[in-house]
Amino acid sequence: MGFTLGIIGLPNVGKSTLFNVLSKAKAEVSNYPFCTIKPNIGVVEVPDERLRQIQKIAGSAKAIPTVIEFYDIAGLVKGAHRGEGLGNQFLSHIREVNAIIHVVRCFQSQEIAHVSGEIDPAKDIETINIELILADLSTIDKYLGEVRIKARAGEKKFLKEAEILQRLRDALDQGRPARTVNLAINEKDFIKNLPLLTLKPVLFVANVDESGNKEQLQKIKGGELISICAKLEAEIAELSPDDAQDYREELGIRDRGLGKLIKASYELLDLITFFTANKKECRAWTVTPGTPLSRAAGKVHSDMERGFIAADVIHYNNLIEAGSYAKAREGGVLHTEGKGYLVQDGDLILVKFVV
Ligand SMILES: Nc1nc2c(ncn2[C@@H]2O[C@H](COP(=O)(O)OP(=O)(O)O)[C@@H](O)[C@H]2O)c(=O)[nH]1
Ligand SMILES: [Mg+2]
């Protein structure tokens, strides 16, 4: 149901530490009855300043943020693509997620062993990437074999598919992830159904020393990067909000590393947030870009999709500018839309429906 990010990386890099901190920031479960609740899946609320502003204007008693799920995937090791270290299981877990959080160890520690004996973030990333690329190569080869047989009859569709697969194969063969291959929209439509690991968006998370040593970070290339100290975040998560704030100030950490990570994770998924609001509650919801209004309404309640008539839609920016619903209506920035309207990020939606 939800949108899930898988936390991957070598063993002992701090994945579970980070996962536990994220899970502590967890959502009140009663608000999200549809989310998967498993021990290694954490449901996490996504902070969004817009929701707070909407709550003020709508006078809602409560504000319910949207959520994403983090999946603590056990450590990948060299040889995983051949099934080493329960490799197949790990890879199949990665196939289930929408995006990847790749944790890289930058912290030094005598007590905690590093799989290859030394701290080298760039090499560690390479190790994981190679496993994912090798797994994708065998996926591509399987499909390519099937498509080539079908293409023998000369059908254009299969010839085209074989050509796309070959292009992906060439990139992977050169050690480049599938996501780096430039594809036209219709080509993307074809490959999005393939279970390719290196096609998933990735965010690198550098688990840095308590001292904030940045030297190792410079070596990380080829993706978006966020640094966090998982151990420190774990300590802070044990404190009351006031004590946590004091501790942060004492350490000179201004922004909450965790909030930054959750936001970046949400952005990585490339999704759209829309809002609903009444006196009881206002709420943020997540859909994929290009979702029609009636389907978005169905996320809120299945009755709303079934009995959908129309919806009043106002964009967040226009609401803020107008200052109230009434003024927005007067100013003509509130518009009525039918079921085919494609929901935009920031839309506040009031659905009219019959039961
Ligand atoms: N010094 C230090 N130790 C850490 C940090 N993050 C995790 N650890 C420790 O490293 C060990 C392995 O962490 P864990 O989260 O289980 O790693 P995983 O194998 O990637 O899930 C644990 O003993 C953690 O307490 C960190 O930022 N600094
Ligand atoms: Mg672990």
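Every residue gets a Cβ built from N, Cα and C, even glycine.
These features come from TrEMBL:
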- 3-248: domain 'OBG-type G' (DOMAIN)
- ASN12, VAL13, GLY14, LYS15, SER16, THR17: ATP binding site (BINDING)
>> Out of the binding-site residues I have (VAL13, GLY14, SER16, THR17), which ones have their Cβ sitting under 6 Å from ligand 2?
In response: SER16
> Applying the rule Cβ within 8 Å of the centroid of the Cβ atoms of ASN12, VAL13, GLY14, LYS15, SER16, THR17, what extra residues of the same chain belong around the ATP site?
Replying inline: GLY9, PRO11, LEU18, GLY75, VAL103, ARG105, ASN207, ALA230
> With every protein chain in view, how many other Cβ atoms are within 10 Å of the Cβ of VAL13 (ATP binding site)?
Replying inline: 29
> When the pLDDT values for the domain 'OBG-type G' (3-248) are averaged, what is the result?
Replying inline: 86
>> Please give me the CB contact count at 10 A for LYS15 (ATP binding site), counting all chains in the structure.
In response: 27
>> Taking only same-chain residues 6+ apart in sequence, whose CB is under 8 Å from that of GLY14 (ATP binding site), what do you get?
In response: VAL103, ARG105, PHE107, ASN207, ALA230, LYS231
> In the structure shown, which of the binding-site residues ASN12, SER16, THR17 has the fewest Cβ neighbours within 10 Å?
Replying inline: ASN12
